[in-house]
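> The structure is given below, and queries will be raised subsequently.
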Amino acid sequence: MFARHLGLTDFRSWARVDLDLEPGRTVFVGPNGFGKTNLVEALWYSATLGSHRVATDAPLIRAGAERAIVSTIVVNEGRELAVDLEITSGRANKARLNRSPVRSAREILGVLRAVLFSPEDLSLVRGDPGDRRRYLDELATTRRPALAGVRADYDKVVRQRTALLKTAAGARYRGDRSVIDTLEVWDGHLAAHGAALVASRVKLVEELQPEVEKAYQLLAPASRPAAIRYRSSVEAIEDAPGPESVEFYEAALLDALARRRDAELERGVCLVGPHRDDLELRLGDQPAKGFASHGESWSMALALRLGAYELLCSDGVEPVLLLDDVFAELDTSRRRALATVAGSAEQVLVTAAVGEDIPEDWDARRVEIRMVEDDGGRVSMVAS
């Protein structure tokens, strides 16, 4: 698989650009702040419908514009697919597949498969559990695009159930049973959607564990062995020896919801469900968070991405590799290890502030990025 074309309109610093891409290695070179990362971000957005830098879509739209458009043409085993995404702040995105509108933007997931390495990856090790949950869900959705609907449904249930919890305590005090009956209905929805989400994550972690272990050994052969484990907020799920059925997870969630009912009513928040779970990262007998050195943290973050790459390759479709300024962050040995893996990929798109950040023995197409002033302010452009 490779991206043959990227077109942007009013995306970040790009007023307009049409880039013809090709298999192999391409390096986008330019000073920081000139817009090279925005190109990689656009491709990642086309693959996942999300940015690796911001949580909302509003910053993706160029200042003064009403919407941004990201267009990609992807080639997979000789077949071309064109994806057009229209991003509008505060409204649902619109999407077209091969120029035909689709009902939901989620229908384009899976057309472009990609793995992104970026400086933000350190948050996978040092950040909050939400960063690690997002990593798992993005990878699971890349492999099974239908899971995007499960995630959306679950998030909606959590929001609505939380709103109900904030009013239910007072209703119960007044003896109003109807609110509690409604809460029980939402418990069923949360357990059903949550069970599907937990099942996908637990299965993914089981498959990912050996790949992360191997990747970490490649990156840091003298360090302690790496391991990952899914940690659930529900005791019955946490104590299960391995992947279980969706029905098992649903029953466990319903039981936990019943037992935590009083605590949830008192606090007005959902205390049970996969939105409170975590991916535990360990080095030897210690958790990586709080105990790993800077170099070990980088190795673990890279191992998670390399593990994702190997897992996607095992599915039969090699993903596009996106490397956003990561070579500049790495020491010589880790840079060499990453370059070895990336060098064999079908397509690698790299950003760098200076050409010297790229491995010397890489034969790569080089694209210079510039910044110019126009009537709308500073805009990025490709040097001719």
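Each position is counted from 1, following the chain as shown.
From the backbone N, Cα and C atoms, a Cβ is placed for every residue, glycine too.
The ATP binding site annotation in Swiss-Prot covers GLY30, PRO31, ASN32, GLY33, PHE34, GLY35, LYS36, THR37.
A description of the local structural setting of each listed feature is requested, covering burial, neighbours and distances.
Within 10 Å of the C-beta atom of GLY33 (ATP binding site) sit 12 other C-beta atoms, taking all shown protein chains into account.
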> Taking the Cβ of LYS36 (ATP binding site) as the reference point, list residues of the same chain whose Cβ is under 8 angstroms away and which are at least six residues distant in sequence.
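Non-local contacts for LYS36 (ATP binding site): PHE28, VAL29, GLY30, THR351, ALA352, ILE369, SER380.
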> When a 10 Å sphere is centred on the Cβ of PHE34 (ATP binding site), how many other Cβ atoms does it contain?
21
> Around the recorded ATP site, report the further residues of that chain (criterion: Cβ within 8 Å of the mean position of the Cβ atoms of GLY30, PRO31, ASN32, GLY33, PHE34, GLY35, LYS36, THR37; site residues excluded), sequence-ordered.
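So the additional residues around the site are THR351, ALA353, ILE369, MET371, SER380.
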> Given a 10 Å Cβ-Cβ cut-off, pick out the one of the binding-site residues GLY30, PRO31, GLY35 that has the most other Cβ atoms nearby.
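It comes out as GLY35.
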